[in-house]
């Protein structure tokens, strides 16, 4: 087992790290349980913006993981916190699903249908031309343009479906304006955790399977990173990258606390 | 008046060349009438894929121009002719409006909702997530990907709205596959005219106001081009381009036949 360093804030990715689709990653579930035995509540950091904290908590319960709801940071939660922190009192035109709507309400933000200060786009499977047109018009009138994440496709029973990054692309292509993305590999979700609980960067670690999102987010934010070989980026692939994670392990069973 | 050359096929752009929004370009209307007095029926070549030939004909009638319906080539008409010529007997999954649907029916093409050989995207103001998802799934399964044009925005009373190129961008971003675009600056509309009526390239000329679409289409197809200073690209701008139109005139009043 490796034990090179201990941290206060363990930030764990979900899909590919804690679970793979409908299956738990056993060693990750045990890792979370070991942390909790030492009174450390980990953070769960996911680009998913469609599900609410409660829905994500219940999904993890199904894998035998007891997560603290307020420590589940989705790109929806982080977007709402980002707006509240950087644009206090500003109004939001939102395209997105229940998870995003609830995150905005949780932070007390006001949604409007026109003359918005901010346009925020998340995955919306009830998208219409009118919603997209309004987003374009508001951005052209000067609204700040935010998007939960840049994921282009996600797997479903039917095959790969268009994800939020693709919907966002329609709006950025039409307006010629690029959004600020909240999700990994951007730093905003990790920053939200830091701002809220006052950790120093040396006390934080980002753990994930995806080099381009999880590991990059940690590197860009300037904290330690642990790559696990349980998901999308194999260890072999990661070893070829110019910027390396702080640690590479096969799975979280190999990390002593 | 300039009369450097006469042609058999005068291919005229519409918006910015024949009319500007709701107003006729007077000299262009007179030019069409002068051609017709010499028994030359011009072609009208527009990236618009939403309106039918009949609707475009009626619009021109309002400006005092009598156009032959079958000589109005929209990107919808050209897309249908392109499919019929290059993919005879193949089925089409279509996103688009009445103009595109009618163009497909006119060429006897068969629309399907799944297992399509071809995915064709045109501007659709009744777009849904499900339509976009189906397009992505069919393209990932191997369907040929076509799009009427790459226009990113179009003016409306509310402001600039997302156009077909932006909708197409969603699908190409999500699938990682770029479509074949039918509209100008691609050559397919001019090619459709040539294939159908057997002109040689030296008998054809493309006339338009937009350097990036009209003039580029003519240059790429290898025919003469006439730039008119009545629309989007000013003569001054065009003179700075590396590849020059064959002729530059202020308006079509200056062109003797």
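Residue positions begin at 1 at the first shown residue.
The backbone N, Cα and C atoms fix where each Cβ goes, glycine too.
TrEMBL lists A:13, A:15 as binding Mg(2+), and of A:209, A:212, A:224 the one it places in that same site is A:209. Cβ proximity to the Mg(2+) site centre (mean Cβ of A:13, A:15, A:209, cutoff 8 Å) flags the following additional same-chain residues: A:14, A:16, A:17, A:18, A:46, A:208, A:210, A:214, A:230, A:231, A:232.
Sequence-distant neighbours of residue A:13 (active site, nucleophile) (same chain, six or more apart, CB under 8 Å from its CB) are A:44, A:45, A:46, A:184, A:206, A:207, A:208, A:209, A:210, A:213, A:214, A:231, listed in sequence order.
Least crowded of the binding-site residues (A:15, A:209), judged by neighbouring Cβ atoms within 10 Å of its own Cβ: A:15.
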